[in-house]
Amino acid sequence: MLTLLGFCVIDFLWLSLALCFLLAFCVHRLSRYLPTECEHSKLYILFQDLIRYGKTKGPLKRDHWLHVFDIPKRWFWHFYAISVGWNGFLIVLSLNMIVWGQKFPSWLTDILGFLTTGGPVAVRQVPQVSALLVQVLLWVHSLRRLLECHLVSVFSDGVIHIVQYIFGLAYYILLGLTVLCSDSLIIEGGSPAFPLLSQLRWYYVAGAVLFSWASLLQHRSLVLLARLRTGGSGTVETLAHRVPSGGWFELVSCPHYLAELLIYVSLGIVSGSHALTWWLVVLYVLFNQALAAQLCHEFYTSKFQSYPQHRKAFLPYLL
């Protein structure tokens, strides 16, 4: 049925994730109108525990048993380490297929077949230049974030839920597979359909430029956040939360989340307008980052009475 509608398994997965986070965002926004007794219900607290992490978990009054599922937020670097290793491995396999005509391992072909058709496929998917570029840019993004976790960010004692941790690990594995699934070039055999240079398009450059700018925006935003806790020498002075300022923080509370969305949009541009699968990923990132930004924005506005009123949470002048 999904195939008839133009959807495959991987599309359904990303659409489901996007709708789940959209629902979570809407439920959270509407929760402010709930009676006080509902806010203290176990179901409501469990819901909030699953969508919050880091500083936004602080105001949540949780039962003691829920702390058993806490994982240090500084373990975020595990996600990017997995991504660098896994997506680097997929890049090597793609290059072997494009340059040398070597086939993907049978186990990878079976996984891609299931995600795209729900079963085995009789044809071989050969990555185009667009798919390879998306793979490389995704790898670069993951490597930068991994280095920033170790060299830039100053983590407090904030925590994430173990469900969020497991989801984060699986997310980057699924993301690498999604790049291959969203590639539209399917031919028999194991050699490129036409010379690589003839596949170059103007929107590859546009996507790469947006990727570079959004990456720089995210890096500068993370540096500004880190400086709130470090002195002029770079040593950590405090782990307390302070009001961020400068750069795009003058417009939104979470420019690093906005930059994350723009990075995925840039990858969608590189992949081409035909890649429905990747734009479903972008839709998921939009709702996911919007929820995280809204929670951060509420934390800042509740903790700091002098917090700038004109700042939005995520999208300048809109949200």
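For all residues, glycine too, the Cβ spot is worked out from N, Cα and C.
Checking the ranges 27-48, 159-180 against TrEMBL, the transmembrane segment annotation falls on 159-180. Residues 10, 13-14, 49-50, 53-54, 57, 69-73, 75-76, 78-80, 82-83, 86-87, 90, 94, 111-112, 115, 125, 127, 131, 134-135, 138, 142, 271, 277-278, 281 of the same chain lie 6+ residues outside the transmembrane segment (159-180) yet bring a C-beta within less than 8 angstroms of a C-beta in it.
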